[in-house]
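Visitor: Okay, these came from TrEMBL:
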- 39-187: domain 'HhH-GPD' (DOMAIN)
- Cys189, Cys196, Cys199, Cys205: [4Fe-4S] cluster binding site (BINDING)
Amino acid sequence: MLSKEKTRKAIEIMGQVFPNARTSLQADTSFHFLLAVILSAQTTDIAVNKLTPAFFARYPTPETLANALPTDVMNLIKTIGLYRNKTKYMITCAQGLVTRFDGVVPHSRSELMTLPGVGRKTADVVLAEWFHIPAFAVDTHVNRIAKRLSIVPQKADVLTVEKVLMAKLPSQLWIAAHQRMIFWGRYQCTARSPKCTTCPLLELCAEGQKRLLQSPES
Ligand code: SF4
């Protein structure tokens, strides 16, 4: 298992390779950022960013979306996956914001998670990326990288991955570490073809060393 010191070292090296790692979701308000995160489930940020300008212009506030017709919303987001469910969640989420939070996106995970369509990961992304409140959202990339680098046990569930990462890294590094691990997973240590031969983390990575022994070209 990677020590606290080596975990921090790995995150530092990721930061040197990707100094500008940050969310690519585009939004102008906390409400729109929350919607963008809901829309991004199992879809690329690029696909979300393509449709959000028109979608946000049509629904500038929680009140406007709370009163929207589902068919109108679906027509604006039907280029992405799960658009029917996302439509339902976003409208009921907007209704929840209006009726229970005066139309203001709450700043706590527990309150965010009372909104339809907002799970722990979505809440953590909103807290960290929009409000800059330390949180560690574990998505597929973070989960994979944490395991490949043996930062967490191989069989750890998502909540354990989050807790171990938070325990091994200082809170002021959580937001940056999350962003760097996502970039690392997208561009260096991809699910199917990790670039182990050129990886600056190879020295710290037992998984990478094992892969190179098995297949020196990987
Ligand atoms: Fe991923 Fe390979 Fe780098 Fe390890 S050495 S972090 S498996 S790319």
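Cβ atoms here come from the backbone N, Cα and C positions, even for glycine.
In TrEMBL, annotation is done automatically, which means it is predicted and not curated.
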Visitor: Indicate whether Cys196 ([4Fe-4S] cluster binding site) is helix, strand or coil by DSSP.
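Guide: For Cys196 ([4Fe-4S] cluster binding site) - judged by DSSP and reduced to three states - the answer is helix.
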Visitor: In which DSSP state, out of helix, strand and coil, do we find Cys205 ([4Fe-4S] cluster binding site)?
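Guide: It is coil.
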Visitor: By the count of other Cβ atoms within 10 Å, pick out the sparsest of the binding-site residues Cys196, Cys199, Cys205.
Guide: Cys199
Visitor: In the same chain, which residues outside the set Cys189, Cys196, Cys199, Cys205 have their CB within 8 A of the centroid of the CB atoms that define the [4Fe-4S] cluster site?
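Guide: Going along the sequence, the neighbours appear as Arg148, Gln188, Pro194, Lys195, Leu201, Leu202, Glu207, Gly208, Arg211.
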Visitor: Per DSSP, how many helix, strand and coil residues does the domain 'HhH-GPD' (39-187) have?
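Guide: Secondary-structure composition of the domain 'HhH-GPD' (39-187): 99 helix, 0 strand, 50 coil.
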Visitor: Around Cys189 ([4Fe-4S] cluster binding site), which residues of its chain at least 6 apart sit with Cβ under 8 Å of its Cβ?
Guide: Arg144, Ile145, Arg148, Lys195, Cys199, Leu201
